[in-house]
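These notes are about the structure you will find just below.
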Amino acid sequence: MSEEQFGGDGAAAAATAAVGGSAGEQEGAMVAAAQGAAAAAGSGSGGGSAPGGTEGGSTEAEGAKIDASKNEEDEGHSNSSPRHTEAATAQREEWKMFIGGLSWDTTKKDLKDYFSKFGDVVDCTLKLDPITGRSRGFGFVLFKESESVDKVMDQKEHKLNGKVIDPKRAKAMKTKEPVKKIFVGGLSPDTPEEKIREYFGGFGEVESIELPMDNKTNKRRGFCFITFKEEEPVKKIMEKKYHNVGLSKCEIKVAMSKEQYQQQQQWGSRGGFAGRARGRGGGPSQNWNQGYSNYWNQGYGSYGYNSQGYGGYGGYDYTGYNSYYGYGDYSNQQSGYGKVSRRGGHQNSYKPY
């Protein structure tokens, strides 16, 4: 917590830090306050940096108040303490559940009311289709205590709104995969690869360029994918939505792997450049990844999401783009992805974000 956030005079700040800590931490905070009396006597916020209470006491207090820490997260605040971050991530991993197989008619209230019988529900969310507003058939529940998750898992079958649902423990990824790939839409098929490389090479070293081909005409399509060596060029490029490449005004979007896309979807996105491409905060504050392949590779399986063109390289299928990503302008052919003219790199399944 920064000095400005801590606020108040030094003595009050030290006392506040001491409240949330253990006896040892309280004593440490008081000693620190006494040693910093000169600083505490001033009107500045610097007196609130008592080491004994800030790190230990604040971590315990905020860790115990789930809803408070989540609100801070929603508002974009972050705690720079690695100890705080690791503890909060570990606790959320124990408190959070993925709920699959939901009825299309199930509401957030239904979800919360059902799982409240297992313990205090701090928050819950349903994942909705951004175009239709319809439920995707799955969501997440955050409990106040990990014991509630155990109770849910101990029950063999769960039914909600007349349908058997599929609750699972949520799993947190330890690292965030950097985004190094972009989608370039509205590109003239006649634009030479050299011209594309020259323009985007001005932002950073280009690792590979994918030039998709129509599998019927064997001609290039009006878009491409570019992978950079580092993540920084993507951040620079995403500062503008449109770029002039050759004679074309191109729309740029972040291309994300399946795993990256899953991370972004868990509990929404906050902060980071990827989300700005969608017009809201992006970049996962908690990198949640369920690892439940049946909800992804089969288009969310029984959740009826095949129509969105989600699986494998079909993520580039333009049936999916038209109905979900709104890329109709780049979809003159409705025939999946076809051949890809590619220079360097390896093939992977990506999605524009």
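Glycine is no exception: its Cβ is also placed from the backbone N, Cα and C atoms.
Listed in Swiss-Prot for this protein:
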type: COMPBIAS; residues: 11-42; note: compositional bias 'Low complexity'
type: COMPBIAS; residues: 43-56; note: compositional bias 'Gly residues'
type: DOMAIN; residues: 95-177; note: domain 'RRM 1'
type: DOMAIN; residues: 180-259; note: domain 'RRM 2'
type: MOD_RES; residues: S69; note: phosphoserine
type: MOD_RES; residues: S78; note: phosphoserine
type: MOD_RES; residues: S80; note: phosphoserine
type: MOD_RES; residues: S81; note: phosphoserine
type: MOD_RES; residues: T89; note: phosphothreonine
type: MOD_RES; residues: T125; note: phosphothreonine
type: MOD_RES; residues: K163; note: N6-acetyllysine
type: MOD_RES; residues: S188; note: phosphoserine
type: MOD_RES; residues: T191; note: phosphothreonine
type: MOD_RES; residues: K241; note: N6-acetyllysine
type: MOD_RES; residues: K249; note: N6-acetyllysine
type: MOD_RES; residues: S269; note: phosphoserine
type: MOD_RES; residues: R343; note: asymmetric dimethylarginine
type: MOD_RES; residues: R343; note: dimethylated arginine
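On the structure: features taken from Swiss-Prot.
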residue : record           : CB count, 10 Å
T125    : phosphothreonine : 16
K163    : N6-acetyllysine  : 15
S188    : phosphoserine    : 15
T191    : phosphothreonine : 20
K241    : N6-acetyllysine  : 13
K249    : N6-acetyllysine  : 12
Legend entry - Distance check against K249 (N6-acetyllysine) for the modified residues T125, K163, T191, keeping those with Cα within 10 Å: none
Inset, instruction - Using C-alpha positions only, work out which of the modified residues T125, K163, S188, T191 is nearest to K241 (N6-acetyllysine). - result: S188
Legend entry - K163 (N6-acetyllysine) versus modified residues T125, S188, T191 - nearest by Cα: T125
Inset, instruction - Quick one: pull the CA-CA distance for S188 (phosphoserine) versus T125 (phosphothreonine), whole Å only. - result: 41
Inset, instruction - Give the residue counts of the domain 'RRM 1' (95-177) per reduced DSSP state, in the order helix, strand, coil. - result: 21 helix, 33 strand, 29 coil
Legend entry - Between T191 (phosphothreonine) and T125 (phosphothreonine): CA-CA distance (Å): 44
